[in-house]
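So Swiss-Prot says this about it:
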{"type": "DOMAIN", "residues": "35-94", "note": "domain 'KID'"}
{"type": "REGION", "residues": "73-106", "note": "region 'Disordered'"}
{"type": "COMPBIAS", "residues": "90-100", "note": "compositional bias 'Low complexity'"}
{"type": "DOMAIN", "residues": "191-249", "note": "domain 'bZIP'"}
{"type": "REGION", "residues": "192-217", "note": "region 'Basic motif'"}
{"type": "REGION", "residues": "219-240", "note": "region 'Leucine-zipper'"}
Amino acid sequence: MELARHSFQQPLNVAPSLSNVVNKTSVVLQQQSVIQPNQHQLQHQLQTMHDGGIDGKRREILARRPSYRRILDDLAGDGPVKMENYDDTGSSGESSPNGNNEEDINGINQSVSHQEKQYQSIHLNGIVSSVQGGENSLNQLHDSQPGDNQYIITTQGPDNKIQAYTIKGTLPIGLDNTSLASPHQLAEEATRKRELRLYKNREAARECRRKKKEYVKCLENRVAVLENQNKALIEELKSLKDLYCSKGD
């Protein structure tokens, strides 16, 4: 009976082990089936992000092109220069008469140089600055009309052409109306300063001569005192010599 009972219990123990093996294999297969779709989805997302970044850069470049065209149009002014027209696809169509980019660039340079040579009016409330290139130097700065806060800068270029700039606004800190003088007033101010410097030099030389005379008088008095003392010593020596000679006899 015990042997038969033992034989009946063995199938009962084997059955759970087989069920465990089946469950494990099903789990492994299920995990593999889950991992593979995740890898494909990740690659698809990376590819989508990469394509989206390229499209974003392309749209940004296309969005910038009209601003460049507007800036160059502002620089060209009313000149004959015409810029390229860009559409949404990024293609460009030249609208210059001869289709030559070098002529367009030369026209831009000529228009810019022409604008630099013209007189300009500057409205500011701060430090006075020059908008001209490095060729011209500031020569004069004077008030055009008192009380209207309008000043004129006169410059002279390398070709000896005088140009003027009008500045409207309040004076900066440290700059007053006294410094905004005409050339005649500036010359008078320079002459006055030179005369004042010469006057101070003459006064210093006069004081030096006076002190020199006083020093010479002091030396002369000292010499006279020393001469008197020398004479007194000579007479005293003579008297001592006579006294010694008389005692010797």
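Glycine is no exception: its Cβ is also placed from the backbone N, Cα and C atoms.
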Summarise the region 'Leucine-zipper' (219-240) by DSSP state, stating how many residues are helix, strand and coil.
22 helix, 0 strand, 0 coil
Per DSSP, what is the residue tally for the region 'Basic motif' (192-217) in helix, strand and coil?
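Going by DSSP assignments, the region 'Basic motif' (192-217) contains 26 helix, 0 strand, 0 coil.
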